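**Q** What follows is a single structure, and I will ask about it in a moment.
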Amino acid sequence: MAGGKGGKGGKGGKGGKVGGAKNKKTPQSRSYKAGLQFPVGRIHRFLKGRVSAKNRVGATAAVYAAAILEYLTAEVLELAGNASKDFKVRRITPRHLLLAIRGDEELDILIKATIAGGGVIPHIHKALLGKHSTKNRSSAKTAEPR
């Protein structure tokens, strides 16, 4: 039995607790593995709840959906942060979110929701502005006195 696989001790055998703890890995979330902040497991659960009982949801579908949601959220927050800096405040309000979304052409098409407390985008139609330009007003003022 010297040098064989039988018996106790030695290297590589099936003996007791030797080497068993080394193979244990700490559990890693799917969000951590994908390098995301959004919860992949929760999104997978929501996706499974949305499809019918016959259909299945692949594991990578949840990762892909979480990545898309995280990217869009980061994009909106970056634009809203820029809007809050323009107003010289440190807190992002619903108004800043609305200005960020409506100011970006692609996000405006994507997000059609009404944001509570966001207000409206100021816009005056060209037909309502009047036909007088700055040149006409200055020449009209100089021509008036008689």
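Each Cβ is built from the backbone N, Cα and C atoms, and glycine gets one as well.
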**Q** Which of the listed positions, LYS22, LYS131, LYS141, does Swiss-Prot note as N6-acetyllysine?
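**A** Annotation hit in Swiss-Prot: LYS22.
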**Q** Which of the listed residues, LYS17, LYS33, LYS85, has Swiss-Prot annotated as N6-acetyllysine?
**A** LYS17
**Q** Going by Swiss-Prot alone, which of LYS14, LYS24, LYS54 is annotated as N6-acetyllysine?
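**A** Annotated as N6-acetyllysine in Swiss-Prot: LYS14.
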**Q** Looking at LYS11, LYS25, which one is marked N6-acetyllysine in Swiss-Prot?
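**A** Record annotation (Swiss-Prot, N6-acetyllysine): LYS11.
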